[in-house]
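Look at Swiss-Prot and you will find 5-25, 63-83, 132-152, 170-190, 253-273, 283-303, 329-349, 356-376, 379-399, 416-436, 484-504, 526-546 tagged as transmembrane segment, backed by sequence analysis.
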Amino acid sequence: MTAQGFLLIATFLLVLMVLARPLGSGLARLINDIPLPGTAGVERVLFRLPGVSDSEMNWKQYLCAILGLNMLGLAVLFFMLLGQHYLPLNPQQLPGLSWDLALNTAVSFVTNTNWQSYSGETTLSYFSQMAGLTVQNFLSAASGIAVIFALIRAFTRQSMSTLGNAWVDLLRITLWVLVPVALLIALFFIQQGALQNFLPYQAVNTVEGAQQLLPMGPVASQEAIKMLGTNGGGFFNANSSHPFENPTALTNFVQMLAIFLIPTALCFAFGEVAGDRRQGRMLLWAMSVIFVICVGVVMWAEVQGNPHLLALGADSSINMEGKESRFGVLVSSLFAVVTTAASCGAVIAMHDSFTALGGMVPMWLMQIGEVVFGGVGSGLYGMMLFVLLAVFIAGLMIGRTPEYLGKKIDVREMKLTALAILVTPTLVLMGAALAMMTDAGRSAMLNPGPHGFSEVLYAVSSAANNNGSAFAGLSANSPFWNCLLAFCMFVGRFGVIIPVMAIAGSLVSKKSQPASSGTLPTHGPLFVGLLIGTVLLVGALTFIPALALGPVAEYLS
């Protein structure tokens with residue numbers, strides 16, 4: 001990796017930390033149930049109108065509110081996509097989606113995955129994009145943040161049974177965090193040249209004298225929350241490599257910052273609410289170390305070029321296949337790691353065209369559970385599961401009952417932690433096996449051999465871990481793949497949220513014990529190393545056999 005690559009990573013992380021720190025303080029106020037200045041009156045009016053109670057909920061009530069909102073959104077979006085030809089803002093007269101594609105798309109956006117088995121500009125109307133997908137981009141992001149709010153309160157409250165009010169949290173997260181920041185980002189994108197209109201597609205004459213139909217639409221408004229909410233679904237098929245979505249190098253840098261902004265701010269907020277900012281910094285250090293190493297590996301692999309092209313005598317000093325020439329290899333490598341470390345899935349380069357090792361790293365980042373910064377909310381509660389596991393392992397080594405932030409971690413919490421951690425690996429490995437065992441699964445593979453298996457493994461990993469990016473060589477728009485991936489997305493999202501909320505319900509009722517000489521410090525470099533080791537160990541033991549059949553075999557062949 002060149003000095004330019006190091007400078008790019010350092011600049012990105014520096015700007016990220018500067019922006020995330022004040023946002024973290026604002027999020028800490030919301031976690032502590034302190035309204036932001038000037039918002040209390042608005043909140044009272046908004047709750048009185050529908051008659052919603054703002055009293056606190058136990059973990060089951062909180063969970064039911066989150067699940068109820070998401071199930072309602074799933075049903076509304078599903079029927080909206082089926083009948084989009086009856087709805088307004090459809091200047092191209094696009095038909096409704098098939099039932100399997102509508103189901104896949106609805107589940108995808110409700111679960112914050114944004115897997116797309118379709119091309120946006122030829123499949124969805126402006127109304128479906130705006131009133132359907134963009135709305136779910138906000139709600140799915142707010143749902144993930146609300147869950148981590150509840151879990152943080154569980155660690156910091158003592159001898160209580162309630163975790164806050166889900167409706168209050170969802171309202172505050174949406175109105176005072178997601179909407180204002182997304183609005184600022186959208187205005188910046190428009191200023192830089194991103195589209196924002198409701199015009200019919202425009203026929204233009206090219207410099208060669210041919211005619212081309214240019215897609216239009218309300219792009220910038222969807223693009224902003226797509227990145228900020230770590231959603232990732234593109235308005236166009238080319239996603240963020242399309243100049244109408246991502247027109248300049250500056251918008252590209254802002255998009256990467258937006259992906260990591262809230263996950264980073266939540267780490268700062270956790271430290272503030274816990275009363276020990278070192279706890280939040282510990283999580284950031286662990287995430288950042290894994291992130292920097294992964295970026296370095298991808299940059300190194302892509303700068304080496306494609307060995308198969310070199311063997312044919314072609315000039316392939318760097319691997320530019322599938323990459324936008326506006327951004328180049330280093331920026332494309334950084335973006336690939338950012339979008340897969342977080343559960344975003346937006347792309348500016350085709351991951352299917354990366355080298356074997358360059359494509360394996362994004363796949364592995366998804367497989368370990370999207371815990372390196374991760375999705376908004378989901379990344380931090382996923383990492384907290386590994387924190388509990390690391391504390392448990394340390395307790396076994398020193399012969400003490402494991403505890404974290406003064407709360408003892410008992411058998412119930414560890415069973416739920418193990419269940420939550422095992423959900424996505426089970427979906428990935430069994431889903432990939434099912435796809436390879438069936439003709440319907442194998443027929444979607446564009447390439448034979450190890451790379452074809454990598455396409456399958458990447459798709460199931462992306463769906464189960466709610467990322468949404470793809471090795472695009474897989475032809476996934478079929479009833480088999482739409483249903484398989486919809487199942488993986490649904491269980492991968494809510495199959496983790498349910499045990500996380502149960503853990504929160506168990507922890508909030510416990511009393512914190514004062515630290516003693518035998519208490520394991522969870523804020524220093526020793527615990528950072530233990531946490532990183534736990535993440536790597538679980539990832540290695542679970543996925544090395546599958547990776548050996550895919551990208552590793554491709555690299556060695």
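Numbers run from 1 along the shown chain.
Backbone N, Cα and C atoms are what each Cβ position is placed from, and that goes for glycine too.
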Intrachain neighbours beyond the transmembrane segment (283-303), with Cβ under 8 angstroms and 6 or more residues off its ends:
1-2, 5, 9, 13, 264, 267-268, 270, 318-319, 329-330, 332-334, 336-337, 341, 354-358, 361-362, 365, 371-373, 380, 383, 387, 525, 528, 531-532, 535-536
Mind pulling out the one from 170-190, 253-273, 379-399 with the most Cβ pairs under 8 angstroms to the transmembrane segment (526-546)?
379-399
Of the stretches 63-83, 132-152, 253-273, 329-349, which racks up the most C-beta pairs under 8 Å with the transmembrane segment (5-25)?
253-273
Closest-packing stretch to the transmembrane segment (132-152), where packing means Cβ pairs under 8 Å, from 63-83, 329-349, 379-399, 484-504:
63-83
Is the count of Cβ pairs under 8 Å between the transmembrane segment (484-504) and the transmembrane segment (170-190), pairs 6 or more apart in sequence, 3 or more?
no
When counting Cβ pairs under 8 Å to the transmembrane segment (329-349), the leader among 63-83, 253-273, 379-399:
253-273
